[in-house]
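Undergrad: Take a look at the following structure, please.
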Amino acid sequence: MARFGTQKLYIDGAYVDAGSDATFEAINPATGEVLAHVQRATQADVEKAVESAERGQKVWAAMTAMQRSRILRRAVDILRERNDELAMLETLDTGKSYSETRYVDIVTGADVLEYYAGLVPAIEGEQIPLRESSFVYTRREPLGVTVGIGAWNYPIQIALWKSAPALAAGNAMIFKPSEVTSLTTLKLAEIFTEAGLPNGVFNVLTGSGREVGTWLTEHPRIEKVSFTGGTTTGKKVMASASSSSLKEVTMELGGKSPLIICDDADLDKAADIAMMANFYSSGQVCTNGTRVFVPAAMKAAFEAKIAERVARIRAGNPEDENTNFGPLVSFQHMESVLSYIAKGKEEGARVLCGGERLTAGDFAKGAFVAPTVFTDCTDDMTIVKEEIFGPVMSILSYETEEEVIRRANDTEYGLAAGVCTNDISRAHRIIHKLEAGICWINAWGESPAEMPVGGYKQSGVGRENGVSSLAQYTRIKSVQVELGGYNSVF
């Protein structure tokens, strides 16, 4: 018997059985334990969810802004009250250390929901005078029923990042979590209902992206799709969304982000930043700065500082609060990361740290890969060009500022970038030339609710978080009013 039994779909404010008996397993990647059997939604379930969302959205949109704001704020309170319980469930399902999920995943997701709950009454139109007898006013109206499709690395946080602006603007959302990590999103649906969200305004359908995701993105009555995942899949989602009914889309996709360390940087601080940019969440963060550019004259000193810090990583049971490095999200993903590590060795990169699966003792039960650092890397290596999504850092040396900017931009991706320097003018000069949507100076990784995040090039379309994202969940209606007479040419 799985610890959490059978997990059902969440439609119209309640758990309901899927239209078939098909299920998939939720597996703890630290131990291989089957946590739950999760039901697979059918196409008929998708129709039920859409119909439910359409009904609920009308009720939700008819509420006053303050009523909607209060309900979302109650959901924030419940999330914070249940933080530790939800964090442990996230740890079991994803393998991320409890020392991370307890202080980041639910906390930052709740922050985003609170941020948008506060913005609900600020959704306003404009009044535009034309002449003495006429003016135009605009209304920002909700889109209707929207879809969120999540990734497996931050399940509940991503669900909140997508649902918060959608619900704040008066829409309903049908959310499909990753098949790999579905459990906490179902709990979020419970919390929204407990907070007073009308039935149907947040539905959760579990299943594969190939089936459930496609049925949702192609559905003619869905108005917008917000997707987080790989670039290849994102292109397919975007194509199906546009070909079916010209849906609006937001895409948060892959990256191969550069971290540039300048010759005047504090090397200890730069090493700390590089560690967070590569090994936080066991390297499974879309914005990770996996291409670390270091001045050639400083490379040996930087390598020594990185090796010293890697040795301090505490890999282990993610349920132990002392652990700060857990397994990868699945055994399948572990094999993918190990194949990249093998490719790096084959192509001539030098292994500074790690480079293998962890198998001693209890590690053998889980999907653990050692924190890995390659050095003497070149731009044409597979590990430097392709997104690995694991704990693999590549160190590259450079000579001049002009050279490193050119090489940093020589990628199909443009999600994130960072610069370490004590010269603030230099920092801004370099950042302004980097082709990336999310940038940090002397820091890495923080994405507060107020900060719009999203990529350039193949890394995405649109933004999440910040004021601008709220507008993406509305459409503008323009109304001209004539107070005087009307002259016809006929």
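Note that Cβ sites are derived from N, Cα and C of the backbone, with glycine treated the same way.
Here's the feature list from Swiss-Prot:
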- Ile27, Asp93, Val180: K(+) 1 binding site (BINDING)
- Gly150, Ala151, Trp152, Lys176, Pro177, Ser178, Glu179, Gly230, Thr231, Thr232, Thr233, Gly254, Cys286, Glu387: NAD(+) binding site (BINDING)
- Lys162: active site, charge relay system (ACT_SITE)
- Leu246, Lys457, Gly460: K(+) 2 binding site (BINDING)
- Glu248: site 'Seems to be a necessary countercharge to the potassium cations' (SITE)
- Glu252: active site, proton acceptor (ACT_SITE)
- Cys286: active site, nucleophile (ACT_SITE)
- Cys286: cysteine sulfenic acid (-SOH) (MOD_RES)
- Glu464: active site, charge relay system (ACT_SITE)
Undergrad: Can you give me the Cα-Cα distance between Glu464 (active site, charge relay system) and the residue listed as 'active site, proton acceptor' in Å, rounded to a whole number?
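TA: Distance between the two Cα atoms comes out at 8 Å.
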Undergrad: With every protein chain in view, how many other Cβ atoms are within 10 Å of the Cβ of Cys286 (NAD(+) binding site)?
TA: 25
Undergrad: Fill in the CA-CA distance, Lys457 (K(+) 2 binding site) to Thr231 (NAD(+) binding site), as an integer in Å.
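TA: Rounded to the nearest whole number, the Cα-Cα distance is 10 Å.
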Undergrad: Mind checking which of Asp93, Glu179, Glu464 has the fewest other CB atoms within 10 A of its CB? They're the recorded positions.
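TA: Checked Asp93, Glu179, Glu464; of these recorded positions, fewest Cβ neighbours within 10 Å: Glu179.
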Undergrad: For Lys162 (active site, charge relay system), just give me the three-state DSSP call.
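TA: Once the DSSP labels are grouped into three classes, Lys162 (active site, charge relay system) ends up as helix.
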Undergrad: Listed recorded positions are Lys162, Glu248, Glu252, Gly460; which of them have CA atoms within 10 A of the CA of Thr231 (NAD(+) binding site)?
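TA: If one measures from the Cα of Thr231 (NAD(+) binding site), the recorded positions that come within 10 Å are Glu252, Gly460.
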Undergrad: Counting distance between Cα atoms, which of the binding-site residues Ile27, Trp152, Pro177, Val180, Thr233 is nearest Lys162 (active site, charge relay system)?
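TA: Result for Lys162 (active site, charge relay system): the nearest of the binding-site residues is Pro177.
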Undergrad: Which whole-number value in Å describes the distance between the Cα atoms of Trp152 (NAD(+) binding site) and Asp93 (K(+) 1 binding site)?
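TA: So the Cα of Asp93 (K(+) 1 binding site) lies 9 Å away from that of Trp152 (NAD(+) binding site).
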